[in-house]
């Protein structure tokens, strides 16, 4: 095979917008009924005609940038052959690049409409062929034809869009997704210089590493996140993504690399294990060893059954559940029945899923030394749990409940919130009150049930507002109090707590309105009266600040005015003296 790639002109110029336009036109063609043998069709706005001579296989077609292996014969409309690869013993490889200079411009576009093994006859108008200039054996402004047979192609990707890492896809991977920066990958690779010298090579079984930790050189992890399991590629790597201007001396698994070396790297992504930042602060990581049975996860409030082996970082096992003769552990998520890291990770797991959890001390046992079944856990220990989700039963959603169940669930969650509030766990208490309110947010309640629901909603919103005040989330407090006042417009607690928040937010006018409404409803309320005194002090302080500000502004204005007048007088004096000098 002729290994030299021939760059072909695409039908548009090299702007990214035109590339997108070509792809859109390609999609239109793909969405049309497939051509049958002997059938001819115009390809979109380019006015290229395509006639099917032999059907291809599969459904994929090469994209712009691919390296396609083809035979093609170019003829004039009278049948005169002006170019043919059939004269050669092997097909040629063409690079389907955007290049408005080279001709024939439309040949690359023709090939991007073809399937593997397909033979088709394309008729190109002059502007998609050799144009007004023509070429050897092709007169100016000639309509030309190409009979093309597509054998295969290699997709080519500019990984960083700067030509620094070119990826040629030798074998496509499966459709199971691509690794992210956090994931752990298993890869096989060989790194060579342009002269074929091997710089580095992975073990035969491959090597595992976390993508964001990097490996060998910057190009490898950057390319891997674009690959799928089973994908095999060749990377052409410029020095800025390899070993740089300085190169490197021989050490460890890497041989010497001269300065500014271009590298060829063969890479196979064998597999990867997804790693999830469970909480979002990089303190609880879940590495999935085996995916679960469905898309459903346990979620908060589910009753889960898990088995696990818990270790310290040095490998010391301090607890086992559901392994050997040990019974599995059953607990309810989001109820603080286990350490926070295990609790939050379990809520993200599918039935049958196996994972390794890496848990920082903040989500483990913290600064406390604890004794577990098999060993002692020192203070500030990072923990590793190998966990399997055996089963879980989710809480019923409000949609799945009847009215009686909704009211019962709301009462239960409210009481759980009250207990958490007493224990000063305001964040979790607020979550309980919110869930309680959600249970009874919808549904047709009548009679006694309607009264119960109204009282429950008021209680949940008020208690949630109390939590928000403790957490200094004053905007949330005003929202919850407003919910109460939509139900009971003279609720003194709601007016009082909303006024507190308004004072903290500096909205003294709104605070005063709420306090006055509360005093109208309950003139003797001590807490509201006390808050009114606080408001008056805040207003007095605000007035003092305003007065000082205005005084400073007035003084500054006066100073600027005086300065302007002095400057004007000085200007007048200079003008008068200048006039006198001219008169003299």
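Yeah, the Cβs are placed from backbone N, Cα and C, and that goes for glycine too.
What you see is a predicted model, and the numbers here were worked out from it, not measured in a lab.
If you look up TrEMBL, you'll see 16-28 marked as compositional bias 'Acidic residues'. The feature domain 'PPIase FKBP-type' is assigned by TrEMBL to 65-154, 182-273, 301-393. TrEMBL lists 1-34 with the feature region 'Disordered'. Annotated repeat 'TPR' per TrEMBL: 492-525, in sequence order.
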Can you count helix, strand and coil residues in the domain 'PPIase FKBP-type' (65-154) using DSSP?
8 helix, 38 strand, 44 coil
Checking distant contacts: for the repeat 'TPR' (492-525), what same-chain residues at least six beyond its ends satisfy Cβ-Cβ under 8 A?
461-462, 465-466, 468-469, 472, 474-475, 477-478, 481-482, 484-485, 531-532, 534-535, 538-539, 542
Roughly where does the domain 'PPIase FKBP-type' (301-393) sit in mean pLDDT, to the nearest integer?
96
